[in-house]
Structures are given as C-alpha cells and as structure tokens.
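What follows is a single structure, written as structure tokens, with notes after it.
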Amino acid sequence: LAEDLLRKYMSGFGNEFASEDSRCPGSLPEGQNNPQVCPYGLYAEQLSGSAFTCPRSTNKRSWLYRILPSVRHKPFTPMSCGDLTESWNEVEPDPNQLRWKPFNIPKSSEKKVDFISGLHTVCGAGDSKSRNGIAIHMYTCNTSMIDNTFLIIIAICVSVPQQGETLITTEFGKMMVEPNEICVIQQGMRFSVDVFRETRGYILEVFGAHFELPDLGPIGANGLANPRDFQTPVAWYEDRTVATGYTIVNKYQGKLFSCQQDFSPFNVVAWHGNYTPYKYNLENFMVINCVAFDHPDPSIFTVLTAKSTRPGVAIADFVIFPPRWGVANHTFRPPYYHRNCMSEFMGLIKGHYEAKEEGFQPGGASLHSIMTPHGPDVDCFEKNSTAVLKPERVAEGTMAFMFESSFSMAVTKWGLDTCHRLDKSYYKCWEALKSHFNPNWKPSSK
C-alpha cells in the first residue's frame with residue numbers, strides 16, 4: 001500500500017481537495033464537516049491555516065477525520081535546540097559577501113543524526129512571536145526519524161533537498177521528495193522524515209504569510225510554475241501504538257519542546273480542504289527569458305512568493321535559475337553587477353552556477369545582504385565580454401535557487417563560525433577585476 005501511495009498524488013495549487021484511505025471507503029462525512037457521529041467512529045478535527053474571517057480567496061483550512069484527536073498527549077517540556085535558533089543578535093552584523101563551502105554531512109558510521117538533530121540555522125530575521133520574519137536552515141542527516149514526528153507550529157516551510165531522497169510522512173499522506181523537487185509543509189502540520197543515505201538540503205521558514213503563485217501580469221494566463229504541476233498526497237493512515245511512546249517535537253517561539261503520546265500522529269483516515277502539504281518538480285517550470293536584448297530581472301524565475309503588506313514586496317520569494325536558452329543580442333548575458341534592497345540567499349542543487357563556475361558548489365550557499373554589491377566573478381566577466389553571441393544553452397545540467405527577502409538577514413554564530421564552512425577568500429573572486437576605461441574611445445562609424 002505504501003509503495004502504491006507514493007505514485008499517487010492529486011494535482012493543483014490551492015485546490016479544494018478531498019481524500020480518503022481506500023481501506024475505509026465512505027470515511028468522509030457527506031454534506032457536513034462535523035457530524036454527531038463520524039463514519040467508522042472517527043474524530044473530526046479542523047486545522048485552520050488562516051483566521052476564520054479571512055476573505056474566501058485567502059481562507060485556508062482542512063478537516064481531518066482521525067482515529068484519535070491530536071489533543072491527546074502528555075504536556076510539552078523544553079528540549080535542547082542544538083543549532084536551531086532565532087537569536088539574531090548572538091554575533092555582530094556582517095555586511096560582507098558571504099559564501100559557504102558545501103556543508104558537511106555526518107557519516108552514518110560515526111554518528112546517527114536524524115532530521116531534527118541535523119537542523120542548523122544559517123541566518124534569519126524578524127520574530128516568530130509576532131509572526132513576521134523568516135529563518136533559513138540547512139539539514140544534514142543520515143538516519144530516519146524513528147517513532148517521532150516534528151511539528152513546526154509558527155512557520156510555513158519550503159524544503160529543498162540537494163542530496164538524497166526524503167520520504168515525508170504527514171497527517172495528509174506520504175510524499176517522496178527528490179533533489180530538484182521541493183515540498184511545502186504548512187504551519188501546524190505534523191510530519192516525519194525518512195532518509196535512505198547521507199542527506200542534505202535547505203529550508204526556508206516563513207513565520208507568517210502563506211506561499212502563493214506569483215501574479216503573471218503581462219505574461220498572461222500561463223507560464224512560470226503552472227498550478228496543475230503541484231502535487232498533494234492522498235490520505236493514508238496507520239493505526240499503531242508504541243509502548244515506549246511517540247515523541248512529538250514542537251517548534252514554538254523559536255524553541256523546541258517535546259511531548260509523548262502512545263499512538264501514531266498519522267492516524268488520519270480521510271480529509272478534505274485547501275490547506276495541505278504539497279510538492280513540485282522544478283523541471284516543470286516554464287521559463288520566461290529575453291529574446292531580444294538585455295538581461296531581465298531574476299523575478300521572472302519566481303516559483304513561489306510569500307507577500308508582505310506592501311504591494312510587490314515579498315517577505316520571501318523562492319526563485320530558481322533553470323536550464324534555458326540565451327539568445328540576447330548586444331548583451332552581457334550573465335547576471336549583472338548589482339546592489340539590491342532585498343537580501344539574496346543562494347543555494348546550488350546541482351551543476352555549476354553560470355556567474356561563478358568555480359567556488360560556488362552544490363550543497364554550499366551564499367548570502368548577499370541588503371545593498372551589498374555582488375555579481376559575476378572575473379573569469380565570467382572576461383569570458384562573456386568577448387564571447388561570440390549566438391544562441392546557447394545556459395545552465396544546462398544545473399539548478400541554482402534563491403531565497404530572496406525584504407528582511408535584512410542576521411547570520412548565526414553557527415553560520416559564521418561553528419560550521420567551519422565559511423569561505424573567507426570569497427571576496428578574492430572580484431579582486432582581479434580591472435579597469436577597461438578608455439577616455440579616447442569613439443563610437444564606431446557605420
């Protein structure tokens with residue numbers, strides 16, 4: 001059954017879905033959400049992702065029909081947070097261009113590390129108490145979570161696996177997520193992560209807003225990430241008790257807490273609603289690009305956006321740089337030199353990033369903070385300033401991405417020091433840039 005479920009998803013972004021485990025036909029109540037007695041003796045439980053009074057277009061909720069309600073657990077008690085933090089003032093601010101070498105994955109032969117203990121906060125901003133901010137984490141692990149689960153109660157998470165497949169079990173069903181795919185786990189959803197080898201990936205945690213598909217404007221009705229390519233799992237339940245207890249880990253106001261219960265949290269037999277986890281394959285992105293001249297802004301590569309209250313300004317955008325054709329005439333084609341009012345955190349899933357083919361490696365990262373200048377390294381600039389301009393494939397075999405945010409990001413002590421992966425020579429990739437200024441230049445006659 002589990003193998004069969006991994007091949008089944010429902011398609012669409014933000015749809016009103018309904019699913020029931022095939023072992024219990026008719027488990028979804030008909031005509032109402034909360035009958036006096038639910039089919040099969042199940043409990044009805046609503047999971048609200050938005051305020052009750054949000055406009056219908058933004059109202060997020062799902063109804064879960066489960067063997068036991070999630071309220072039945074022992075009290076939460078504090079637990080060690082490890083390298084997970086929301087303390088943005090533990091080190092002094094650093095406005096420099098920052099780049100990290102690939103983050104180390106612990107060897108399974110030396111130490112067993114699961115998804116929770118393998119989480120490390122790199123940077124972030126804002127406050128989860130006021131639900132206004134973000135955090136960026138790396139996960140590096142080598143073993144599955146056994147009889148425990150992880151609940152992020154404040155945030156919506158985008159998970160970007162870079163190495164190793166992850167089997168994510170949620171209250172809504174199972175998702176197999178591979179490198180070059182992403183998954184979104186919404187606020188309040190319980191999930192566990194199984195891995196099959198040494199595994200690494202990136203996580204963007206947004207404390208308040210939901211992710212949406214970006215508006216297309218003059219692009220029209222189609223393009224970028226198409227709604228039908230998003231996949232939501234089908235219902236799957238387990239009716240299982242564990243004598244030693246399940247451990248529920250709750251991330252609350254930046255701290256971790258745990259509690260015990262003796263039954264599986266994945267006991268949802270049926271559910272319906274529009275508040276669900278989902279995944280998306282980045283290869284399905286329909287790229288928009290220049291076909292005449294100049295280099296368009298990277299906003300044309302936005303997959304998902306979490307909007308702020310200011311029109312056009314995002315709390316966080318998830319942007320990718322997929323394989324595509326470059327055909328612009330009279331144009332320096334790689335990304336231009338740039339200072340941005342947004343923070344740009346980049347990661348590399350595979351291949352070589354076009355603007356820095358050396359140094360920026362899969363499993364590593366970079367952070368260009370607000371108004372910190374950045375752009376192509378010396379080799380990229382010199383090569384592309386003299387290249388013969390003809391149609392060419394850009395980023396073939398590559399997938400880079402960016403978490404872009406209007407927040408000014410603070411880097412953690414782990415990111416600057418403890419991880420020992422910060423590339424302190426990063427600035428040198430621009431040191432050899434030389435002046436090409438010629439005061440005697442004259443336009444060529446035609």
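All positions are counted from 1 along the displayed chain.
Using the three backbone atoms N, Cα and C, a Cβ is placed for every residue, glycine included.
Where the annotation comes from TrEMBL, it is an automatic prediction and has not been curated.
According to TrEMBL, the protein has these features:
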type: DOMAIN; residues: 8-282; note: domain 'Homogentisate 1,2-dioxygenase N-terminal'
type: DOMAIN; residues: 284-437; note: domain 'Homogentisate 1,2-dioxygenase C-terminal'
type: ACT_SITE; residues: H295; note: active site, proton acceptor
type: BINDING; residues: H338, E344, H374; note: Fe cation binding site
type: BINDING; residues: Y353, H374; note: homogentisate binding site
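The CA atom of H374 (Fe cation binding site) is located 16 Å away from the CA atom of H295 (active site, proton acceptor). The binding-site residues recorded for this entry are H338, E344, Y353, and the Cα of H338 lies nearest to that of the residue listed as 'active site, proton acceptor'. Local packing around the recorded positions H295, H338, H374 was summarised as the count of other Cβ atoms within 10 Å of each Cβ; on this measure the leading residue is H374.
For the pair formed by E344 (Fe cation binding site) and Y353 (homogentisate binding site), distance between Cα atoms is given as 15 Å, rounded to the nearest Å.
Neighbour counts of Cβ atoms within 10 Å were compared for the binding-site residues E344, Y353, and the top value is held by Y353. Recorded residues H338 (Fe cation binding site) and Y353 (homogentisate binding site) have their alpha carbons 17 Å apart, per Cα-Cα distance. Taking the mean position of the Cβ atoms of H338, E344, H374 as the Fe cation site, the remaining same-chain residues with a Cβ inside 8 Å of that point are P335, R339, N340, H368, T372, P373, G375.
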